[in-house]
């Protein structure tokens, strides 16, 4: 069984083909980073228009990469939310139209379920149950996962997501968009301990997060200490350490609360090397395991949508002829498979 996956929720156009026996057959990705760089962030209208230009050519490229034709595709999966409404509509319209033209089922996929399941694409996939840390530019959530669609929200950010805080702080440090990876690179040159940032909401019970205050703390630290290269690197180091420590503390609490021995982290920020190292160290001490996707599958991509679509298709999920998307879509609303 082969599923074509289409991802257009934000500023990456991702197309992939997944075979339930052979694995990933094709993976095509186009990033709009250069398009939005001059604006310091994603411009929704420009994102939608670029998806219109790139989606069909990338589908053609994926078919060519896999050596398949339309007749070989058994279903079409597309991201139906959450995300930018215009961008979502492009992928949903193309996906639904292809499914109709090819006479195959169309499968709407939840973007964050795609991220959550991305580690399943690796050679050593996690088994249920596990705690999932979904950490990206738009989400920071801790989820109890006992099966496909069996998701319980344990905690989430009450303001900025961790990835958003990375990007905003990077901008304060004069880094280009998207600044998160650049901030991490700068932090590697920083001196640990010169500046100490707070670990938000770790001094009270609960599993919720708050990262907006770290941005303000960074702004004040930059204002009071200047912007020479070493100072900027030291501030970046202090900021990254604060975010990573906060995530680690909350993950530890979630594992203690659930009693689970496995931790899965997914989303763009899960590619952060410092975060990976700290969580791996923590899980080793707890005699547990941590799982994550390869870096290219941490950010938005079509492979995770094709895989999630395969899982949902086998569980009987299909869509009618209508094209509908959900810019806001709580993960807990998904049905169990």
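Keep in mind that glycine also has a Cβ here, set from the backbone N, Cα and C atoms.
The annotation in Swiss-Prot ties 134, 135, 136, 137, 138, 167, 180 to substrate, and of the candidates under consideration, 27, 272, 301, the one tied to the same site is 272. Just one of 300, 320 is listed by Swiss-Prot for the same Fe cation site as 111, 115, and that one is 300.
The two recorded residues, residue 137 (substrate binding site) and residue 300 (Fe cation binding site), have Cα atoms 11 Å apart.
DSSP assigns residue 135 (substrate binding site) to a strand. Across the structure, residue 300 (Fe cation binding site) and residue 167 (substrate binding site) are spaced 16 Å apart at their Cα atoms. Taking the Cβ of residue 134 (substrate binding site) as reference, residues of its chain lying under 8 Å away and at least six apart in sequence are, in sequence order, 112, 115, 116, 140, 141, 142, 143, 265, 266, 267, 331.
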